[in-house]
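Novice: Among the features that TrEMBL reports, GTP binding site is placed at 43-48, 151-152, 176-182, 201-205, 270-273. Annotated Mg(2+) binding site per TrEMBL: Ser47, Thr182, in sequence order.
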Amino acid sequence: MGCAISAEEREAIARSRQIEKNLKEDGIQAAKDIKLLLLGAGESGKSTIVKQMKIIHESGFTQEDFKQYKPVVYSNTIQSLVAILRAMPNLGIPFGNNEREVDAKMVFDVVTRIEDAEPFSEELLAAMKRLWTDSGVQQCFSRSNEYQLNDSAKYFLDDLDRLGAKDYQPTEQDILRTRVKTTGIVEVHFSFKNLNFKLFDVGGQRSERKKWIHCFEDVTAIIFCVAMSEYDQVLHEDETTNRMHESLKLFDSICNNKWFADTSIILFLNKKDLFEEKIKKSPLTICFPEYTGTIHSSFSFLAHFFRSPYSSATRVNRKKSTTGYLAYTNLLVMSTGNFWFSPQEYGAAASYIQGQFEAKNKSSTKEIYCHMTCATDTTNIQFVFDAVTDVIIANNLRGCGLY
């Protein structure tokens, strides 16, 4: 005698299957909704990343955007020059030409009258150009790690003729280079790889961090930005604290926060272009006294390797193998003396900084996904974000039990 299934049982089975189907569909939909939180100390490049998302994944900047950023460019440019001028007496640096005192007064007067966001007059533009080429101003600029100066200072001040033209209109790169302090929370929505992204940028200064809690719930991943180039600088809000140390402290508190135990963390070691230039003249030991530059021993080994065929050769024979001998002498120079002048030091120093952040991770199961970035380089950010998205997709599907 067979077992008959009652109508009620059939309905229960159908309901169960429908529930399973709905749960699966909900899981798939949940996996498509991506909530990203941009964190990091002030001036680490978070807002520039947001601008890049608008360029890469939306329709770019609107005509209204270009119009609104025009006064910001003017203000950033003249305020950068003012920051340098104000630092000169503090650092004991005089003008190369005493006549620049008159030009400096003109610039200060414009800022005092709160006219720094207006187009440059011909007289002001000429004064700014004379100041920027002054040897004393350039000397002070070369010591910008000793005071507060926007990263974009050189970019704008090197292009004063273009910015001062009567028909000047900002470019995408101009907008990417502008600096406006983020207060509160900025939210951006966009779609990519059939996913719906919500990206939140929050203020990085200490006073803004208390507002982050509103973004914490159901975060898919955290993108933590670090300004690599600021290892020898101090905070705006606390000039006794090294910026890199502050970033490490903040990363520690985020990475090991119980609310983020299952949240993917992506580390953007940003401003790699500025870091690559700075490391040639400013040693990483300013921030990390224990750093020895492990690449130094590699140079010594290579120098020894190249030296062998030439060490016992006569001067005449050495000249016959110019290329190899130059390789030996160049490597010998790079493997001695001040190691931070080595062109290879960038890689060793960058790896060391990455290791310092990864060492803050106290979880044996949590992986930190690290990328070297230049937030003002659209191609670089497009490539990196593509790789980041693939990681997010895999982790999110795994979290939903669909991977």
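Easy rule for this one: first residue shown is 1, then count along the chain.
Here the Cβ of each residue, glycine as well, is placed from N, Cα and C on the backbone.
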Novice: To the nearest whole angstrom, state the Cα distance for the pair Val180 (GTP binding site) and Ser47 (Mg(2+) binding site).
Specialist: 9
Novice: Among the binding-site residues listed here, Ser47, Thr182, which has the most company in the form of other Cβ atoms within 10 Å of its Cβ?
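Specialist: Of the binding-site residues Ser47, Thr182, the most buried by Cβ count within 10 Å is Ser47.
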Novice: Using C-alpha atoms, which one of the binding-site residues Asp151, Arg177, Asp201, Lys271 comes nearest to Ser47 (Mg(2+) binding site)?
Specialist: Asp201
Novice: I'd like to know which of these binding-site residues, Lys46, Arg177, is least surrounded, judged by other CB atoms within 10 A.
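Specialist: Ranked by other Cβ atoms within 10 Å, the binding-site residues Lys46, Arg177 bottom out at Arg177.
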Novice: Name the residues of the same chain, 6+ apart in sequence, whose Cβ is under 8 Å from the Cβ of Lys271 (GTP binding site)?
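Specialist: The list for Lys271 (GTP binding site) reads Gly45, Asp151, Ala227, Met228, Ser229, Glu230, Cys374, Ala375, given in order along the sequence.
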Novice: Of Glu43, Asp151, Val180, Asp201, the binding-site residues given in the record, which has the fewest other CB atoms within 10 A of its CB?
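Specialist: Lowest Cβ count within 10 Å among the binding-site residues (Glu43, Asp151, Val180, Asp201) is Val180.
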Novice: Round to the nearest Å and give the CA-to-CA distance linking Asp201 (GTP binding site) with Thr182 (Mg(2+) binding site).
Specialist: 8
Novice: Check Ser47 (Mg(2+) binding site) against DSSP and tell me helix, strand or coil, would you?
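Specialist: In the DSSP reduction, Ser47 (Mg(2+) binding site) maps to helix.
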Novice: Does DSSP put Asp201 (GTP binding site) in a helix, in a strand, or in coil?
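Specialist: Assignment for Asp201 (GTP binding site) reads strand.
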Novice: In DSSP terms, helix, strand or coil for Val180 (GTP binding site)?
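Specialist: For Val180 (GTP binding site) - judged by DSSP and reduced to three states - the answer is coil.
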Novice: Helix, strand or coil by DSSP: which one applies to Asp151 (GTP binding site)?
Specialist: coil
